[in-house]
Amino acid sequence: MRFNIVTLFPEYFDSPLACGLMGKARESGLVEVGFVNPRDHTTDRHRTVDDRPYGGGPGMVMMPGPLAAALRSIPRPGRILLMAPKGRPFTQELARELATGDNLTIICGRYEGIDARLESVFPIEPVSMGDFVLNGGETAAMAVMEATGRLVPGYMGHEESGEEESFSSGLLEYPHYTRPEIFEGHEVPEILRSGDHGRIAAWRREQALKTTLLNRPEILRDAQIDYNDLKILRKTDRERPGRNLYCALVHYPVVNKENKSVAVSLTNLDIHDIGRCSCTFGLGGYYITTPIEDQRRLLDGLLRHWTDGPGVSANPDRGTALRLVRGVSTVEEAIGDIEQRTGQRPTVIATSARGAGDTGFESVRRMLREKPVLLLFGTAHGLAPDVLERCDGILRPIRSLDGYNHLSVRTAAAIIVDRVLGDAL
């Protein structure tokens, strides 16, 4: 496989390309690396490759002319990658894609980036190594070369080495041990010394699953796992941030079609469905807020039926879910109850289909690591303005880029809780 690196600093690669497996692969001819310097394709005596950006602003921009000439000088470029923050995340899956080709060209950006018009002239694919900033694309290009090159047949020597590495099966790798058998009081697990290859394989699979769940749970969403794997994962002790998440279904004050503040009646579906959602995701609690006494009595009777009355034997699962429900008169009462239960005042986040919001789903997920969060869901046509003003934040609408955004509160609650917590959490 041949890599063509378009860079202003070809000397950057001298040491890493000469070391270890990459050095051996180049010596054997499995991997070839060529460099094209845009400075060699300039037309002025100063060999200029950058200029000030149109519209002003800090920094310089790589000029399109030298880069275009550099790309056209490559006889067989193959796919052309541009290392850039805006690009497709580089993953093991993408490395496998790239390894199927014979040629790969990688553009290493510098300064503020390249002239955007270059992407209209050439079939350039932006690729990102992550959400951080480097001085240039050379470090990222080296990572792409190594991850892709080691998938070339013969590169690893023992092909099974690549098959059992992290991400190769969609999971992180299991832990490794070598001599001595005991190191500073810590022993190598007995099963690895047993010689029983079947048990060892099962242990390694279990450890890979647990390591992934505890360190990179988001990977599990796309990993190939079976029912036995799920049983292992369910038994694994892990953080449960859902315990720090609470929700409240607000029936007053909410607004009607005329945008007037009103109180609305409770509905069976809202109570049951959001209760089941809260139980499924392991929430700390679900509050029904209404100041109307007869509505509170109605709620209390319904809850008694399913948690202590005839409903327990008829549908015990529903009773389990509804034990999370607490009736309160106001949002402030719910806040006080959470503070009493947890020792911390919760961060209160409103939900609304209007406006842009000021809090993202990932932000709420991060909050849960530190303190409880109370999500407010409005009935009728949404929470009243005075409720929104007293909140610590307003969640971004579920379909913030589309015009139609009229979900039932039950549907909205399920979607929001799933986005905040996710299956793996």
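Note that Cβ sites are derived from N, Cα and C of the backbone, with glycine treated the same way.
Noted in Swiss-Prot for the protein shown:
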- GLY109, MET129, GLY130, ASP131, PHE132, VAL133, LEU134: S-adenosyl-L-methionine binding site (BINDING)
- 1-241: region 'tRNA (guanine-N(1)-)-methyltransferase' (REGION)
- 242-425: region 'Unknown' (REGION)
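Spanning the residues GLY109, MET129, GLY130, ASP131, PHE132, VAL133, LEU134 that the record associates with binding S-adenosyl-L-methionine, the maximal Cα-Cα distance equals 16 Å. Cβ neighbour counts within 10 Å, taken over all protein chains shown, single out GLY109 as the most crowded of the binding-site residues GLY109, GLY130. Sequence-distant neighbours of MET129 (S-adenosyl-L-methionine binding site) (same chain, six or more apart, CB under 8 Å from its CB) are MET83, PHE90, THR139, ALA140, ALA143, VAL144, listed in sequence order. Other Cβ atoms within 10 Å of the Cβ of LEU134 (S-adenosyl-L-methionine binding site), summed over all protein chains shown, number 14.
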